[in-house]
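Taking it in order: structure first as C-alpha cells, then the write-up.
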C-alpha cells in the first residue's frame, strides 16, 4: 500500500484476482481502485474516469499495470522491491547465464564477468566476502573447483555445512582437492587444513593450550554453501541438546572462525535477509546475482489424495521414472507397499546409513531406480544432473514438525533435469494465497513483549536499568541493539511461524512466484477418501515387533555417532528413546504398546508442558523460581555458565510466557490468585452460570486476549481479525481457552446435563488429564502402575 499510495493516495485494495480474466494466464495480481479521479495515472500520465489498476509481484519486485485501454500496451511501472532483500539483490552484480563460468579457468580466455569478480575479490584485502546468488544447477560447485585449481595459496579451508547429506556430497566432489569429511574422522579436528564440517561439530576444530586458552586455525577461506539453510539450522533442536555449548555460543564460535579468516565465500539459490545480515557483519563484500531460470516449473495443487495417488501409480505403471518429494516421512512409509516388485529407493531419517554413502555418487546411484522418494532428510547437498526422471510429485505438509516452504523448493531442486515441468502436489490445508503472514517486525515485537512480561533479557545487547520504588522493582530498557544471532533467530522464527496451516500456501506461492515458477489449483469441494491399504503395517506395529532388550544401547549410540546404523538399529533407538521419554518399562505386550504409541506418540510436547508446569522437572523452571533471579540485570555470571549465559534462551522465554498465560487462565476461571499450580490443585466442577462467567471473564481480562496478536504464535495460531467479546462469539473464546489448556494436559470440557431449578443445563469440568498424570506420576516414581496400560507400566 505504501508503494501505490505514492501515486494514488485514495487507493483501496480489493484482493488478489486470477489473471485469466484479463488474458493474463497463470498470473495472480493485487487489484486496486481509487476514488479521486483527478489523480494522474503514473503509466500514461493522464487521468482516467473509472479504471482501476493492479500490481504484480515478481522476482524483481512490484510492478503496476493499468486496466485502461490507453495503458494496455504501455510498460509496467516499477514500484519497488517486494521486501528489503530485493534491494539487496538489485544492487548486486547482475548476470544472466546458464553457468557461472561458461568456459575455461579463472585466468583463461574468454573474459567473463564472474572470473573478473573472483580475481578482484581474492586480490583485494579490503573485500572479505563473495556472495553468489544463483539457481540450482548453474555450476556453483564447478566455480569453486576452478577457484581452488587456480589459487594454490589458498591452503587452509573450512567448509561449513548443516546436513550430513550435504557434507557427503561436498566430500564426494572435493576429496581430490585434499578435503576430509568430519564424519570419517575421530576426535579433535584441529590438525586438518581442509575440512568439511557440520555446524553441530564445530567445537571439534578448537583445542586448548597448556593454559587452557582456546586455540583455532586462521583459515585462508571459509565456504558456506546453502547459506540460508545454514542460518536456519540454528533453530535445530539437536543444537540445543549440546551439553557443552549453548546455541548462541556455537554461533559465536563460527563467527570467530570467519572473522579471523582471510576470505569468506557464501552461496545459495536465494539469498535472503539472514544472508545479507550475515555478510554485512564481516565488512565489504561483492554480491553476484544470476538471473538465469533453468526450468520454469508449474506447481499444480490438489486436495484430492485419492486422485493424486491414482495419477502417480498410473505413471509408474506406464513405465515413467518418477521422484516423490515428501514433507512427511510417514507418507512414504504408506506408499512403500505399493512399490512391491519395482525398482525403488526411499531416503528418510530412518533409512540405512549406507544409503548416505551412495549419495556421494548420486548421478550413478539414482539411475538404478524407476522410483526415488525422499523426505526433508535430503533438503540440500544432492545434485542429480542426469536426464532420468520424467515427473516429480510432491506431498505437502504444514506445521512445526516438517521443513519450511523454502526447504521444500530446495528439495524439488535436487532434480536438475525433468521430462515434465508440471509438478502435481497434494495438500490438505487451506489454499488461500493472500493470508496475513508473520513478519520480522511481528516477531521482534513479540520477543520485546516477552522480555517485559518475564523481566528477563532475551535479545542480546538490550540494556536494562533497574529502578526500585515502594518495594517494587521495575526494569526499563535503555538501549536496544540486537546481536547478529538474534537478528537471524528472529528471521528463523518468521520462517517457522509461517508454516502455520492457514499461511502455508500463501508463503509457498510467493516463493514460487519469486523464483520464476507458477502455481495453479485443481481442488475439489469433497475429495474422495483413500481406501485403507491392509498391506500397510503401521509404524507403531513395526516398533512393537522389535525386541529392544536384545541390543546394547551404548553400542548403538557409538555406531550412530559414526553414521553406521542399519534401518533396524535406528528403529531400536527410536523405540528405546520413546519408551524412556514416557517411562515405559516393558513393551512385551505388543497390542498394548501399539495402542499406547498411536495415542501418545504425537503428544510429547504436551507431556513436556505438563511436567514443567506442574513442577515435575527441575524447579528452576517454575514460575515462582523465575521471580527471584536477579543475575539477569547485574554484571554477575550465573553458576554453570557453560551452557546458560546471562540471556534466556529464546525457547525458555516463550515457555515462561506460556506458563504465565495458563496460570492467568486458571486464576480467572476459578476466581483465585495463585502463582502456580500443582496437579492436585485442579479438580473442579462448574455450573452453567459459573462456566459462562468464567469464559467471559477470561475473554475480557486475561493477558492472552489483551494482547492476542503477541501470544498467538506461542500456540501455533495464525494471524487474523479479533473476535468481539459477545454472546455470539462465546463458543470461539471457549474453544480457544480449551485448546490452549489442553496443550498443557489440562481438560476443560462440557460434562453431564442436569436439572437445576426446573431447567436442564450442563456441568463443566476443569481438571488435569488423568491418563497423562498417571503416566507422568509413574515415570517420576509417584505411583506403581498406569491403569490404562498396566502391562507397559509396572515395577
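The backbone N, Cα and C atoms fix where each Cβ goes, and this holds for glycine too.
Among the features that Swiss-Prot reports, ATP binding site is placed at 134, 135, 136, 137, 138, 139, 140, 141, with the record citing similarity to another entry. Under the heading domain 'Helicase ATP-binding', Swiss-Prot lists 121-289.
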| request: Tell me whether residue 138 (ATP binding site) sits in a helix, a strand or coil according to DSSP. | output: coil
| message | So if I measure Cβ to Cβ from residue 137 (ATP binding site) and keep only same-chain residues at least 6 apart in sequence, which ones fall under 8 Å? | response | 294, 383, 385, 413, 416
| remark: Here the mean pLDDT of the domain 'Helicase ATP-binding' (121-289) is 92
| Fewest other C-beta atoms within 10 angstroms, as judged across 134, 138, 141, which are the binding-site residues | 141
| task | Determine which residues of this chain, when 134, 135, 136, 137, 138, 139, 140, 141 are set aside, have a Cβ within 8 Å of the centroid of the ATP site's Cβ atoms, and list them as they appear in the sequence. | result | 99, 100, 269, 290
